Ligand SMILES: Nc1ncnc2c1ncn2[C@@H]1O[C@H](COP(=O)(O)OP(=O)(O)OP(=O)(O)O)[C@@H](O)[C@H]1O
């Protein structure tokens, strides 16, 4: 990379040229918008006449144009952000979407297209036919700067505009400017400044499981989201049918990232936390870490299986039942052999039960018929079987032997009936079993959800009608998709609107569900790709649940094993993933921290290392002198000092004019005190209307009060960290997370001694 000296006249000329090009690109965008609007008006003008088929097609086209218009509107911001000058003299502009002129010649290349890859990957050592890479800096539609990296100096020196191009241009400006910008409470895309090591991950193969390990702030979340957008672009046919699932650690986090994919033109990704993955169950209960750790252990696969088996039981004694004056006997030996036969099919409990019941009714019918003493016509036998089936005592006896079960019923019984848990879970100690016990009406917790899923899998859904309907829906859907695809090709609208979207509009009857909506409502849905963020938090049981949703194992797994706070989470990817994926996963690492100033990141790493966390290699992209400061006060003074910091930084950020966010991070009781102290300074408004209790995430207000766990995955301009030793006592991973949230400054307020690594005097 080469930077030259400033030449004002040269830069002005460059800016003028770029402005001209950018004007042409926006001109084309405007023309496309106008064209789409005209088509929309045209379609609507035809009014509501014609056959239902015509009407439905017209509606479909109307919505197609509406969607397309919405997408053309969404790419206004930084439509074009890069330019490649190639050795053959060609220039290629890189942007948010691809644009062609009216003659179909390319004007702008979509960042995800193969032709754009060199923009992110080319280096001086490996220039890939790129002479120069240029970042365009824009504000609105105006070009305010250009930043060049010259990759092939020899080539450039020989060309006519060599001198001007080298004048006053620097490479990393666009990146550093975006890193230093004030935060808004919502994550922004990084499409203009993706770095080479990130790009390699984003464009990595769809097949198999890719684990991305990286320290805090290395862009794991950003990379995961851009990879989802890339995969949808590169494998649209496959993924628009099967869907993409993105799993994040909390709703707050999912809200924090929810604008990134739409800004990249992708809206169909299903987002969920682990706790939300079992349709129909809302896991609002909270429990101790110790309890969720127990529930996350892989041994639950065996425990749940055993619990199901224990509901298939041979009675100790025979039961005599009177049917129409005759006695039939439910014999233990008959039940045992019917259970054995029903199990042979290896079907789930509720489905195998049908075979068991049929077998038992047949045995009882034999007994009944034997008492009649004369042979019977087949239809008479059927009648007797029906009679037995509807006899209450028979039903009770068969249910006692093989009860139809719901996942909720099975798991609820396990945790509320000590004898059931003891029988099913001999692997647990009696102390552990005591910890798990709770009342039958307790709310579901996040750690229950994978157990419910495991149970659902073993019980099976006794819902053949629904399955048949789902199969019929899928066939109809495929036909609609094919038709939509043909329509898109023939109308020249391919690219911006997916066939999936159009097919939704064509669906004239029944509920119009998108792939995302259908997938989210169906526990047995299998996705084409699953992206897991903060993956270190997942327990072994949570992984089992997730893997059921992606039998192809096509996954992007991003996380940091040093930031684990859940007691059931991973400390090593090998230990967690090898038993589940064997060796069929590949590891990539991200090593540059883009978020946190080096001063703060280094201190956080010292603390994490001193606590023995598996910290990964980390280089920080920038230094911010004074970024870390520590304030010692009396215990009584912590909240007031925190409020003082809030006041100071609100003023500072205000004065800076570019906005920004502050987070106060600490234990819940300290947050309550800090809240009161902020109010006492008359700054309650900055906490936002939605902040009704300690630890309620308020991403949209200037100041948030968060527990360390709630701050996971988020970032703020300034973090005021309260009593780090207390945070550390709960979890060293939590302290590492909390310290690495700020983009600008970390202020530590404490009364207790500092944890090792943080104390400057130690
Ligand atoms: N190439 C890039 N260009 C601009 N900004 C970037 C780039 N890579 C990362 N960032 C910024 O760095 C910050 C950290 O990124 P991100 O949240 O994805 O990191 P992370 O690895 O998931 O962090 P953590 O594990 O600490 O939650 C974000 O503000 C992101 O926009």
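From the backbone N, Cα and C atoms, a Cβ is placed for every residue, glycine too.
The ATP binding site annotation in TrEMBL covers 214, 215, 216, 217, 218, 219, 220, 221. Taken from TrEMBL, the feature domain 'UvrD-like helicase ATP-binding' applies to 193-597.
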Distant-in-sequence Cβ neighbours of residue 215 (ATP binding site), under 8 Å, six or more positions away: 560, 562, 590, 591, 593, 601, 605, 615, 616, 617, 618, 740
What does DSSP call residue 218 (ATP binding site) in the simple three-state scheme? coil
Neighbouring C-beta atoms (10 Å sphere around the C-beta of residue 214 (ATP binding site)): 25
Which residues, in sequence order, are found in the same chain with Cβ within 8 Å of the centroid defined by the Cβ atoms of 214, 215, 216, 217, 218, 219, 220, 221 at the ATP site, excluding those residues themselves? 560, 590, 593, 594, 595
Listed in sequence order, the residues of the same chain lying six or more positions from residue 217 (ATP binding site) whose CB sits under 8 Å from its CB are 593, 594, 595, 596, 601, 715, 740
CB contacts for residue 220 (ATP binding site) [other CB atoms within 10 A, all chains]: 25
